[in-house]
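Enquirer: Let me give you the structure first, and then I'll get to my questions.
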Ligand code: ADP
């Protein structure tokens, strides 16, 4: 096309050839183009290009002469229609995205530019509409919007459920009957529950945000506690049963039991410490009263029993050849029962001595193996149903409390017999290992399950299923362990339920104790 032809196209004064050229150019455009004549009734379409046919699915004869509204089919309530009408009335340019329908009824989104064409007098004679099918973009936008809404919805729900979880945990923390503090990594108080505030008679403002070690009158400012708390976050080692006795402001002297754990949560709650504080003043006072009672009661029982034992001995001496067998038997049985009672009372006394820290050891040098043999003989003589076999030797002249160690061995042997009623063999083994003498006694009796093994050395603990069948008070092993500890040794058990148990202890030897 030369400059002249182009000029004719623009001015509309061109030949038929130029007109054809112009049409061809419009037909090759990817945009759908229509022209409406504003001067004719109902503003009909007077021109459409090939792309408009393609986009709308209608052919030229079905388009020319119609008002554009057929493109909206029955979808007439779109606000964009109003915008189009107003622009046409006012002879203005407008740009809308409107829902249109192809001939076969398929929806397509039409991005429509409408601009007026004016004559030399400035009157609007035509409108040109240029359109693009933007359905794909619209659909993508729609999907994106849906996804965003879905994500927003999910986030909302998640936030709500987190908030509910937080409130739920908060309500637990607030209701437990134990003082709880949540600390950050610098030991500043982040949360204090009601029970804490009530127990220490403080309010939130003097607690929250404060460093733990500055609370009250510095009651928690204890070097050892600091050390343990410092270890929690890096090592995850909890602080267990740390006792603090202190003159607290407002509440006076109290004994508090502290336990602290690292909070095992990721994200927002990471690096926090949960500190629980239990007031055990009362409980400890009751325990002390119970121990005092035990001590007084066993002393009070011992005195008359010693007198009764004395009288029974006198009666025994007064028995003559002529006294009846029945009487002799009764006196003998009375004496045995008094010895049993004496032993029980002695054990109770031992417990109260241990509790008050008065279990003293009187060291003397003695032949360890000989002592063991004597205990075995004693126990064997009253246990005809069992056979106690001794093997090994220590060959040690040991320096320790012979009577207490006799008590330990006697207790362990008695237990081995008591708790293996159907298995007669009891083995005792003596040895020396790397500067320690070792004593073991094994039975093939009831055995002890793993759970109970940890507890049988506690005072008054007895394995529940044997309580009724086998008499006892659950203090023998407690006393044994304390005696061995006093001698700087170690007492332990290896056992399997229904297979048997081996109780062993080791005692450290001085250089000159091995013979
Ligand atoms: P007691 O024998 O008076 O109950 P102990 O302190 O000597 O008290 O023992 C505590 C508990 O340990 C016993 O009640 C028993 O359940 C368990 N026990 C001790 N020795 C043995 C053993 N050799 N075999 C099985 N259980 C044992």
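In case you wondered, yes, glycine gets a Cβ from its N, Cα and C as well.
Relevant sequence annotations retrieved from TrEMBL are reproduced here:
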DOMAIN    18-91  domain 'PAS'
DOMAIN    94-146  domain 'PAC'
DOMAIN    165-236  domain 'PAS'
DOMAIN    296-511  domain 'Histidine kinase'
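Distances, neighbours, how buried they are, the whole picture for these features please.
Expert: Confidence annotation: the domain 'PAC' (94-146) carries a mean pLDDT of 93 in the model.
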Enquirer: For the domain 'PAS' (165-236), how many residues does DSSP put in helix, in strand and in coil?
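Expert: Split into helix, strand and coil, the domain 'PAS' (165-236) gives 36 helix, 11 strand, 25 coil.
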Enquirer: What are the helix, strand and coil residue counts for the domain 'PAC' (94-146) according to DSSP?
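Expert: When I sort the residues of the domain 'PAC' (94-146) into the three classes, I find 12 helix, 30 strand, 11 coil.
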Enquirer: Could you break down the residues of the domain 'PAS' (18-91) into DSSP helix, strand and coil, giving a count for each?
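Expert: Counts, helix then strand then coil: 38 helix, 10 strand, 26 coil.
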